[in-house]
């Protein structure tokens with residue numbers, strides 16, 4: 001009886017002040033008319049009287065929003081599609097940059113109503129990201145889609161859906177290979193390049209030049225470890241140096257030197273991974289006259305863009321450092337930024353009279369999310385949009401098609417009814433049912449689970465130091481690495497024929513739009529219209 005009495009007292013207290021305790025009786029969810037106060041609770045009694053953000057006075061008036069809407073309509077009416085031939089094509093990939101990441105980045109930059117540089121582009125579409133065999137995609141099958149125009153199986157690159165993952169024999173079946181937009185550009189006499197802050201042999205950049213049954217076969221040792229006969233398969237690094245597409249790339253910038261040197265040699269304070277004894281960097285240098293290899297920021301920044309020959313830059317044994325780590329570990333003199341690499345790549349490729357194709361990946365957005373380190377992921381998104389802005393400011397948009405998109409999203413969310421101006425990396429003003437605050441940012445799964453639970457109970461967020469840049473944000477389910485999401489992602493376009501990118505589309509249409517705009521490949525081209 002005493003237990004029952006105590007229970008009813010607690011329930012009565014919760015009903016007396018439901019906004020304080022946020023007690024939600026189960027039976028209320030079984031009715032059709034749920035109290036809106038329960039579904040959308042206000043803040044606690046201890047909410048600060050002054051909110052952390054000063055709303056601009058004009059936002060409080062109806063006239064501001066009416067004029068905003070009218071201005072939008074006017075801009076839409078004044079859009080004039082560019083139907084010229086795209087001399088140049090630039091594809092930017094924000095790896096893992098789903099819609100929530102874009103929204104959270106705006107808030108991290110200081111205001112919900114600002115736009116990232118690529119959000120100023122006039123044309124936007126929605127891309128469906130699934131693989132042939134998986135609802136939730138990886139970066140390999142998506143690279144095949146947005147670079148080759150063909151959807152394939154998860155973990156495979158540059159092959160169709162008939163190629164099974166990690167098939168040691170079938171991986172050499174060229175009948176199942178697909179061609180990338182880079183090859184189409186090279187056949188048309190254009191220059192071509194790859195820029196990434198991941199390993200240059202990683203899934204997304206490998207999509208430019210590789211065909212393989214496994215994204216993990218970056219070097220010959222990885223192939224051996226998977227049980228395939230030694231010497232029967234060209235690893236991804238080998239395809240970059242000696243493959244049909246890779247050997248003809250004019251600019252190659254990123255990380256991952258370990259895949260190109262023997263395990264008896266050292267690069268960037270780490271041993272190589274190759275077991276075949278080959279130094280592929282030396283082989284790349286010897287293949288064509290005038291080539292230059294750089295492995296640090298100083299040599300890279302001093303590289304003369306007017307010299308003849310190709311440029312190969314590797315700045316880390318594995319992935320390049322997070323931007324935040326470059327600062328705290330004082331790596332600024334060792335590794336260039338994504339912005340610096342992108343701008344120099346454009347400068348070099350622009351010398352080609354026939355134009356160029358350039359692939360740029362902001363790859364460490366994805367890695368920050370996998371670690372549930374939201375500060376890292378959002379800062380990398382800021383750096384990504386900086387690189388895009390600098391490139392847009394440099395090129396002639398009358399003749400350059402620029403597409404910005406993501407390969408996939410993440411199980412990353414913004415929640416809890418935070419006020420305008422809320423610290424996106426902090427806590428909401430209201431409590432959960434356990435009378436503790438909740439994080440504005442969280443993940444459905446990942447390693448952040450352990451940071452926020454002890455003995456099955458949630459740790460009080462107010463006791464956690466949230467200031468470290470590598471702080472792990474909460475996850476509902478424990479995994480060693482947070483997963484991708486199946487959400488559609490945005491495609492942003494500007495320049496010739498960018499208006500073709502509208503509506504909800506398959507991810508695999510992207511290279512076909514680029515090919516049409518620049519008269520590449522064997523499909524329909526805008527040049528066909530000029531000949532009629």
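Note: Cβ is positioned from N, Cα and C throughout, glycine not excepted.
Cβ neighbour count for residue 139 (active site, phosphoserine intermediate) (all protein chains, 10 Å cutoff from its Cβ): 28. Sequence annotations record features per position, and here TrEMBL assigns active site, phosphoserine intermediate to 139.
Under 8 Å, Cβ to Cβ, and six or more positions away along its own chain, residue 204 (Mg(2+) binding site) finds 93, 95, 139, 142, 143, 196, 198, 361, 363, 407. Per TrEMBL, Mg(2+) binding site is recorded for 95, 202, 204, 361.
Of all Cβ atoms in the shown protein chains, 20 besides its own fall within 10 Å of the Cβ of residue 370 (Zn(2+) binding site). Sequence annotations record features per position, and here TrEMBL assigns Zn(2+) binding site to 95, 366, 370, 407, 408, 484.
Positions annotated as signal peptide by TrEMBL: 1-16.
Its Cβ placed at the centre, residue 484 (Zn(2+) binding site) has 23 other Cβ atoms within 10 Å. All protein chains considered, the CB of residue 366 (Zn(2+) binding site) has 30 other CB atoms within 10 Å. If you take the Cα of residue 202 (Mg(2+) binding site) and the Cα of residue 366 (Zn(2+) binding site), they are about 12 angstrom apart, rounded to a whole number.
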